[in-house]
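Here is the structure we will look at.
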2 protein chains.
Amino acid sequence: MATSCTQQQQEQMMEQFVTACRDAGLKVTHQRTEIYRQLINQPDHPTAETLHKRLLATLPTISLDTVYRTLTTLEDNGLVSRIQTAESQARFEAVYAAHHHLICSRCKRVVDFQWPVVDTLEPPADVADWGQIDSKTIVMYGVCNTCSNR
Amino acid sequence: MATSCTQQQQEQMMEQFVTACRDAGLKVTHQRTEIYRQLINQPDHPTAETLHKRLLATLPTISLDTVYRTLTTLEDNGLVSRIQTAESQARFEAVYAAHHHLICSRCKRVVDFQWPVVDTLEPPADVADWGQIDSKTIVMYGVCNTCSNR
DNA sequence: TTGACTGCAAACGATTTGCAATTGC
DNA sequence: GCAATTGCAAATCGTTTGCAGTCAA
C-alpha cells in the first residue's frame, strides 16, 4: 500500500512538480521543492508539524509557517491534498492516483488502499441531482493489526 | 435526503437516547437532552457554534463549552458522530442509519445520501489484512446545484 | 529589478481545561 | 449526599497573518 516509489519515479515526480509550479506561476523555491520531495519520499501522510521536523534536517532554517503556507498553496494548485481525520491536526499527501484511506482509531496512522470497483461504480441518482462531483473518497475507520496485537 | 423525521419518530429517538444514556452511566441532564433533540430536530450537521446559538432559544444559559463537552461525551458513547470536512470547524450529527456525505466546496453544506450497493460490497483483501474495520463512509466533494446556479 | 516568497513574531479561532457552584440520582 | 455535570474564565493548540528582508525570474 503506502510504499514509497523508486528513485526514478521520484525524480520524474519532482520534474513534473517543477513544471506544474511554473505552469501555475509559482516560483520554484528551495523550500517548496524540499517540502514536495519530502512528501513523496515518506508518503505516510505527515502533519505539518511532523513534516517541518523532518525538513529541519535538510533546511535548518525553514519555519513552520512556511510549511503551512506552502502546503496551502500547493493544495490550492492541486499538487497536494489535505486529509481530514478525527484528529485536530490536518495531514497531507502529494496528489497522485485515486485511492482511499484506512485510519486507525488508536495510532491515527493513515494507510492508502485502492478499490477500483467503487471508483467506476455509478453513484445513486440522488447524488447526480445534488450537483457536480469533484472527488470521491472512502474513509474507513478501524483498528490496525499492529495496534490490536498489543 | 437529510429530511427531518416525524414527531413520533423523534419522540422514539429521544426515549432511546435516555435509555442509552442510563445504560452508559451518563446523567440525563436538561442540556444533554436538548442538545440531542436539537440534533435530530434540525439534522443539517451543525457546527458546535451553530448548535449553541440554536440552543440559546430554549436554554438561555447554556454555555458553548457545555455544547462541546456534551458532543464529545456523546461521541465517545456512540450517540453522536463528528464529521470531518475541509473547514476549520467540526460538524456533528446524531448517529443513525449508515449513510454517506456530499459536501459542497462553496457553501460547505453537508448532505446525506445512501448507497446500499457499496455498503454490502466486500472491501479488497488489503483492507482485511490491515485490521478490523469499524466504519466505512464515502465522502464526495463537489459543488451543489444551488451554488453553481449563481 | 521586482514582485513573490520567506522567517519572525504576534494574532487568531476553535476547542479544552481548572475550578467552584449546581444538579441528577 | 455525593459524584457527575455545568458555567465561567482562562489556557491551549493548530493555523494564519502583517511586516520587513530575501530570493527566483
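Quick reminder: no glycine exception, Cβ is built from N, Cα and C everywhere.
Automated prediction, rather than curation, is the source of TrEMBL annotations.
Long-range Cβ proximity for B:CYS147 (Zn(2+) binding site), meaning a same-chain Cβ under 8 A and a gap of 6 or more residues, is found for B:CYS104, B:ARG106, B:CYS107. Under DSSP, B:CYS147 (Zn(2+) binding site) is assigned to a helix (H, G or I) in the three-state scheme. According to TrEMBL, the feature Zn(2+) binding site maps to B:CYS104, B:CYS107, B:CYS144, B:CYS147.
The binding-site residues examined here are B:CYS104, B:CYS107, B:CYS144; by Cβ neighbour count within 10 Å, the least packed of them is B:CYS107.
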